[in-house]
């Protein structure tokens, strides 16, 4: 029989994403309405290790649903891989008699929750919060749609100036090893070429595509590429040297993580926050939440990390490619 849950904690970990505050709010208010006590862990797993734990009430999350970032703070804490660090972190939970933990973040955050679940049998629920949309078991992650809107707006602005100056523009978009954000942003803004990790960078194919565009009468081009694939400044120079056409690279960078979350992310985050509390009250632990075909689902967090594979958006990529 599962232990009765009386106190829970929530933390945000890894890179911030618009909608994290809405998810925290969802967890806190749903838990309070069920008669639970709620604590917030500041600065992610680092705060768990250093005992940065604060009580949360309804006022703590008032006026946060529309705010970007995470008011609890976040941090990357690779030291959490050390078993002694994890042991001390769990002692912090025990100090406050916390019965369960909700973790909002990406795959690194899930790994921390997985280890706490495996090693200490602690009920953890993972909520996917990352603009990269690279978490398995869910169609969308919290923050992705807002980041997409930000990227599209930036590309639209770049197209204005690229058109005016007959310039080739390379736009580097976040996503790490997942091309979802790049593909969707490129499709929505009519980019002439897309380069994503799942397909790799074929420079000769890129050059042929640019040349074909010029032969068809195009006077400018926008190339969307996922971060970490190549030095975009060097690529811009290669293209300019090849065609004698002014080429500039723009790295959108961390601006994609900021700003107020869009309505989709606010709704998704709120639903997932409520669902996390429901799962804990039902006796679930070691689960991660997702959304599939508009329905909330949950998976074993260990299985999600070890065995599940995120499908590549081939249809979207091909649709965008046919519109070059």
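Just so it is clear, glycine is given a Cβ too, placed from its N, Cα and C backbone atoms.
As written in Swiss-Prot, here are the features:
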- 132: active site, proton acceptor (ACT_SITE)
- 15, 76, 77, 106, 107, 108, 109: ATP binding site (BINDING)
- 25, 26, 27, 28, 29, 159, 190, 191, 192, 216, 218, 219, 220: ADP binding site (BINDING)
- 107: Mg(2+) binding site (BINDING)
- 130, 131, 132, 167, 174, 175, 176, 227, 248, 254, 255, 256, 257: substrate binding site (BINDING)
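Feature annotations (Swiss-Prot) mapped to structure.
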| residue | record | contacts (Cβ under 8 Å, 6+ apart) |
| --- | --- | --- |
| 25 | ADP binding site | 61, 64, 65, 269, 270, 273 |
| 29 | ADP binding site | 58, 61, 273 |
| 76 | ATP binding site | 13, 14, 15, 44, 108 |
| 77 | ATP binding site | 13, 44, 45, 46, 49 |
| 107 | ATP binding site | 130, 134, 135, 305 |
| 109 | ATP binding site | 13, 14, 44, 45, 103, 126, 129 |
| 132 | active site, proton acceptor | 15, 106, 141, 144, 174, 175, 176, 178, 180, 181 |
| 190 | ADP binding site | 159, 222, 323 |
| 192 | ADP binding site | 209, 210, 213, 218, 221, 222, 223, 324 |
| 248 | substrate binding site | 167, 168, 169, 170, 236 |
According to DSSP, which of helix, strand or coil covers the residue listed as 'active site, proton acceptor'? coil
Do me a favour and check the Cα-Cα span between residue 220 (ADP binding site) and residue 255 (substrate binding site); whole Å is fine. 25
Using a 10 angstroms cut-off on Cβ to Cβ distances, just flag whichever of 15, 106, 108 is the loneliest among these binding-site residues. 108
When neighbour density is defined as the number of other C-beta atoms within 10 angstroms of a residue's C-beta, which of the binding-site residues 176, 218 has the lowest density? 218
I'd like the Cβ neighbour count for residue 174 (substrate binding site), meaning other Cβ atoms within 10 Å of its Cβ, all protein chains included. 25
If you draw a 10 Å sphere on the Cβ of residue 27 (ADP binding site), how many other Cβ atoms land inside? 31
Give me the CA-CA distance between residue 255 (substrate binding site) and residue 27 (ADP binding site), in Å, as a whole number. 27
Tell me the Cβ neighbour count for residue 220 (ADP binding site), meaning other Cβ atoms within 10 Å of its Cβ, over all protein chains shown. 20
Taking only the residues the record lists as binding ATP, namely 15, 76, 77, 106, 107, 108, 109, what is the largest Cα to Cα distance between any two of them, in Å to the nearest whole number? 13
Rounded inter-Cα distance in Å - residue 27 (ADP binding site), residue 257 (substrate binding site): 22
